[in-house]
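First comes the structure, then the notes that go with it.
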Amino acid sequence: MEEGATSRSLLQKQKLDDNEELIRISCGEEDEGLLLQSDQSSSTITVVVVLSTLIAACGSYAFGNAVGYSSPAESGIEDDLGLGSEEYAVFGSVLTIGAILGAISSGKFADFFGRRGAMGAAEMFCILGWLAMAFSKDAWLLDLGRFLVGCGIGVLSYVVPVYIAEITPKNVRGGFTSLSQFMISSGQGLTFLIGSLVSWRTLALIGIIPCLVHLLGLFFIPESPRWLAKCGRVKEVEAVLQFLRGKNADISQEASDIIEYTENLQLISEDGIRHLFQKKYAYLIMIGVGLMVFQQLGGLNGFGFYASTIFESAGCSIKLGTIAAAVVQISMTAVGVFLIDKCGRLPLLLISAAGSCIGCLLTGFAFFLQDLQCGKDLVAMMVLIGVLIFPINIKGSAGSLVTLVSWIGSWLTSYTFNFLFEWSSAGPFFIYAGVCGMGVLFIAKMVPETKKLALEEIQASITVQ
């Protein structure tokens with residue numbers, strides 16, 4: 001993602017033009033008359049944009065599939081390979097160790113090989129990892145496979161939303177990029193469902209399917225025009241934009257903005273990761289890192305990796321709990337996809353964080369009642385209701401650093417959850433509730449609205465604050 005690395009005077013040129021005009025866009029050959037507001041250039045939704053987004057989002061489904069795997073596979077793996085709780089905690093968390101390495105390299109990887117190349121390489125790692133897990137006979141090969149899958153999804157967690165954001169019109173960018181989160185939730189939820197019906201080895205083989213679909217689909221979608229501009233391939237930028245926006249769309253202004261902005265970036269020398277910690281970028285980094293810290297330390301992956309353990313300890317049917325969690329997670333994420341461009345990101349972030357806080361409090365209180373030997377049926381009901389609220393996600397990546405912080409937080413949560421849960425079944429959820437509560441305050445105070453702003457405008461408005 002081409003962000004930061006330019007002077008204030010250059011960035012301020014990307015501000016919104018006060019003189020907006022209504023333009024007519026086409027959504028296919030037969031759909032006419034749809035009006036959207038635009039600054040200076042066309043904002044066209046075409047079949048190419050939709051299909052490219054769907055194919056890219058298959059990577060997000062593979063991401064969710066990997067995250068959701070450990071919960072339904074837990075009992076089968078422990079029985080077949082004789083793993084104890086500590087060994088399974090290593091298996092659950094080694095995914096995030098691989099993802100940390102993937103996240104560290106994701107930005108440079110995507111800049112060097114392109115968005116499509118990075119996604120393709122990531123899926124190769126995932127396929128090798130799933131095969132190793134499916135045919136493992138002992139813990140080391142199982143952990144190696146999980147690690148390889150982690151490396152792949154670490155790259156995908158950054159590249160997929162970046163690619164989608166870079167090819168979609170700004171008027172609908174929020175909804176399109178939210179499709180990535182919807183596919184993550186769908187992958188995780190459907191893995192819960194399928195995992196209750198098949199063995200853990202079969203579930204690992206099924207995990208290869210979305211990787212193959214994504215890998216093959218990459219041959220049929222265009223490269224990101226912003227990456228092409230960064231490589232100096234100006235003619236290809238215009239050709240790809242025309243392909244994405246439709247043959248009758250006027251892409252001259254959009255192409256000019258992208259090329260000019262990227263050329264300005266090239267004038268500034270890159271000083272590596274230290275360059276991010278200049279004063280003018282402090283607000284940007286604080287927002288990106290802060291969102292990741294509050295999301296991951298709020299216990300999201302504690303639930304995702306160990307849902308079966310939570311439901312079983314509460315006396316709730318594992319199958320009922322995972323099915324209910326999957327249905328609610330997928331449906332609520334779908335609602336977010338449709339609402340994000342209408343309501344904006346900020347209100348949905350606040351609702352997500354507040355909902356997670358309430359869910360954690362309710363779940364923690366339920367286990368507290370269980371420790372007091374209160375009614376088991378009531379405890380099971382409260383835990384089920386609590387975790388149905390809890391999975392609502394607030395993820396938003398802003399570069400390799402932010403993705404790295406996200407995966408470090410994910411590792412801390414996934415590795416420590418089993419030990420915290422053994423120490424106190426209620427304690428972890430009260431801790432997570434406190435983190436989510438602080439997250440609500442952070443979002444309300446620090447996070448700006450980005451509704452209907454171009455990527456360059458967002459970067460400009462945040463950087464110059």
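For all residues, glycine too, the Cβ spot is worked out from N, Cα and C.
In TrEMBL, annotation is done automatically, which means it is predicted and not curated.
Annotated features, as they stand in TrEMBL:
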type: TRANSMEM; residues: 45-68; note: transmembrane segment
type: DOMAIN; residues: 45-451; note: domain 'Major facilitator superfamily (MFS) profile'
type: TRANSMEM; residues: 88-105; note: transmembrane segment
type: TRANSMEM; residues: 117-135; note: transmembrane segment
type: TRANSMEM; residues: 147-164; note: transmembrane segment
type: TRANSMEM; residues: 176-197; note: transmembrane segment
type: TRANSMEM; residues: 203-221; note: transmembrane segment
type: TRANSMEM; residues: 281-298; note: transmembrane segment
type: TRANSMEM; residues: 318-340; note: transmembrane segment
type: TRANSMEM; residues: 347-369; note: transmembrane segment
type: TRANSMEM; residues: 375-394; note: transmembrane segment
type: TRANSMEM; residues: 401-421; note: transmembrane segment
type: TRANSMEM; residues: 427-444; note: transmembrane segment
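The stretches the transmembrane segment (147-164) and the transmembrane segment (45-68) are in mutual contact, each linked to the other by at least three Cβ pairs under 8 Å (pairs 6 or more apart in sequence). With a threshold of 8 Å between CB atoms, the same-chain residues lying at least 6 positions outside the transmembrane segment (203-221) that come near it are 51-52, 55-56, 58-59, 61-62, 65-66, 69, 72-73, 116, 119-120, 123-124, 126-127, 130-131, 133-134, 145, 149, 152, 187, 191, 194-195. Sequence-distant neighbours of the transmembrane segment (45-68) (same chain, 6+ residues past either end, Cβ-Cβ under 8 Å): 25-28, 95, 119, 122-123, 126, 149-150, 152-153, 156-157, 159-161, 163-164, 167-169, 172, 176, 179-192, 195, 207, 210-211, 213-214, 217-218, 220-222, 243-246, 301, 304-305.
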